[in-house]
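Down below is the structure, laid out as structure tokens.
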Amino acid sequence: METVQLRNPPRRQLKKLDEDSLTKQPEEVFDVLEKLGEGSYGSVYKAIHKETGQIVAIKQVPVESDLQEIIKEISIMQQCDSPHVVKYYGSYFKNTDLWIVMEYCGAGSVSDIIRLRNKTLTEDEIATILQSTLKGLEYLHFMRKIHRDIKAGNILLNTEGQAKLADFGVAGQLTDTMAKRNTVIGTPFWMAPEVIQEIGYNCVADIWSLGITAIEMAEGKPPYADIHPMRAIFMIPTNPPPTFRKPELWSDNFTDFVKQCLVKSPEQRATATQLLQHPFVKSAKGVSILRDLINEAMDVKLKRQESQQREVDQDDEENSEEDEMDSGTMVRAVGDEMGTVRVASTMTDGANTMIEHDDTLPSQLGTMVINTEDEEEEGTMKRRDETMQPAKPSFLEYFEQKEKENQINSFGKSVPGPLKNSSDWKIPQDGDYEFLKSWTVEDLQKRLLALDPMMEQEIEEIRQKYQSKRQPILDAIEAKKRRQQNF
């Protein structure tokens, strides 16, 4: 019965979830069909809206902190209405997960398509995708929003070949405001120099990222992808703008387009509106030229799913036979919680969206920067000394934290010193421990003994900080449950 429903067109188009739907449990409004993939921020599922029959994508994100900020950013998403931007329908709070209901793009991301086909895109294909992407950026920038996470993994295609921007602000803000996972390091490969340097940035930061994305689509990965992210942090602001590995393979128009995007000075960088008039984009062909590569990618995906399903069925049979021989009772092996197969990848590039692969370089860098009405006369450029300064990039926070931890650990193990009060101890700057040579053994031993109370004090401070963040979330969960019970 469900199969028949899926084959029929939607009874009416879903524009957004009404208040009645939002007060229900999400399982009453949607049938979850299968798991599409995972990102650093959570899992993505394909689902069907029961009332309209429309297919949607649902991101299930574990919420661990700053719930009010997340809700505020999601409400801003409702302002966006463009055919070149993935639509946001609404959100639910269930247990400790946030369910974000968004438009489903059946072909997946551009990076998914490159990975599945195991080949890069042609200039014609790139031009068509860039044209739609620029229209999406023009809309966002007109709305005075900065995406800050433009890359092939965040450009989705529907089955007709229409490109749409995804994860603008929602996933970016979620990953910025949630508790960070130690295994995740934001990659700076797509980021504009001014964003890395934190010297102030505006909408054209997205244009730099678009130029990097153009190279990514042409060559399969962004510049500097083969080096450590920490090294790239310093190379992007200091080195000349990156270019193609083999410039002779590409047309003058394409080369010039990328050059216009990758101008290090934000003031001299082209805008989305200007780039829509560039010869490379103006000569772009219709979306129909993307249908062949979409069909090819979807065929590969289907064959992999069928192959993996056969393997799962075979494993189930073998496990069942073993169980029957051991106990005389047939026991069917338990599958995953959704009863579906997750597709593995042959290539990884750090894409982080509605994906069918594991990320080796997941991105935490997307952040929507919203300007209030009071700031309109001042423009969108943000400086460090302003009240609403840009959030520190996640990768910088990560590396700074690791550096502090390394300094504390190495100092605590081998170089303690004699201070009467443990609170007076300062971490030596620039690894300068020469002064320890003048201390006596007794002084060094006193310093060592003082470390344990310091550690206990720091642990208690961390516990109190965690509790202060945890309690509002628990209160919000309880309030949400009471509200649902009232209906």
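Glycine is treated like the rest: Cβ placed from N, Cα and C.
Annotation source Swiss-Prot lists active site, proton acceptor at ASP149. Mapped onto three states, the DSSP output places ASP149 (active site, proton acceptor) in coil.
Every protein chain considered, the tally of other Cβ atoms within 10 Å of the Cβ of VAL44 (ATP binding site) stands at 23. DSSP assigns VAL44 (ATP binding site) to a strand. Summarising the annotation, Swiss-Prot assigns ATP binding site to LEU36, GLY37, GLU38, GLY39, SER40, TYR41, GLY42, SER43, VAL44, LYS59.
Positions annotated as coiled coil by Swiss-Prot: 290-310. In this model, the coiled coil (290-310) carries an average pLDDT of 90.
The feature compositional bias 'Basic and acidic residues' is assigned by Swiss-Prot to 303-312.
Residues annotated as compositional bias 'Acidic residues' in Swiss-Prot: 313-326.
Annotated domain 'SARAH' per Swiss-Prot: 433-480, in sequence order, evidence recorded as sequence analysis.
Marked as N-acetylmethionine by Swiss-Prot: MET1.
The annotation phosphothreonine is assigned in Swiss-Prot to THR3 (among others).
Per Swiss-Prot, the feature phosphothreonine maps to THR183 (among others).
Residues or ranges marked as phosphoserine in Swiss-Prot (evidence: similarity to another entry): SER265 (among others). For SER265 (phosphoserine), applying a Cβ distance below 8 Å and a minimum sequence separation of six or more within one chain yields no residues.
Taken from Swiss-Prot, the feature phosphoserine covers SER320 (among others).
Taken from Swiss-Prot, the feature phosphothreonine applies to THR340 (among others).
The phosphothreonine feature in Swiss-Prot is assigned to THR367 (among others).
The phosphothreonine annotation in Swiss-Prot covers THR387 (among others) and is backed by similarity to another entry.
Residues or ranges marked as phosphoserine in Swiss-Prot (evidence: similarity to another entry): SER410 (among others).
Residues annotated as phosphoserine in Swiss-Prot: SER414 (among others).
Look at the recorded positions GLU38, ASP149 and count other Cβ atoms within 10 Å of each Cβ; GLU38 has the fewest. DSSP classifies LEU36 (ATP binding site) as strand under the three-state reduction.
Cα of ASP149 (active site, proton acceptor) to Cα of GLY42 (ATP binding site): a distance of 17 Å. Using a 10 Å radius centred on the Cβ of LEU36 (ATP binding site) and all shown protein chains, the other Cβ atoms total 23. Residues of the compositional bias 'Basic and acidic residues' (303-312) grouped by DSSP class, helix first, strand second and coil last, total 10 helix, 0 strand, 0 coil.
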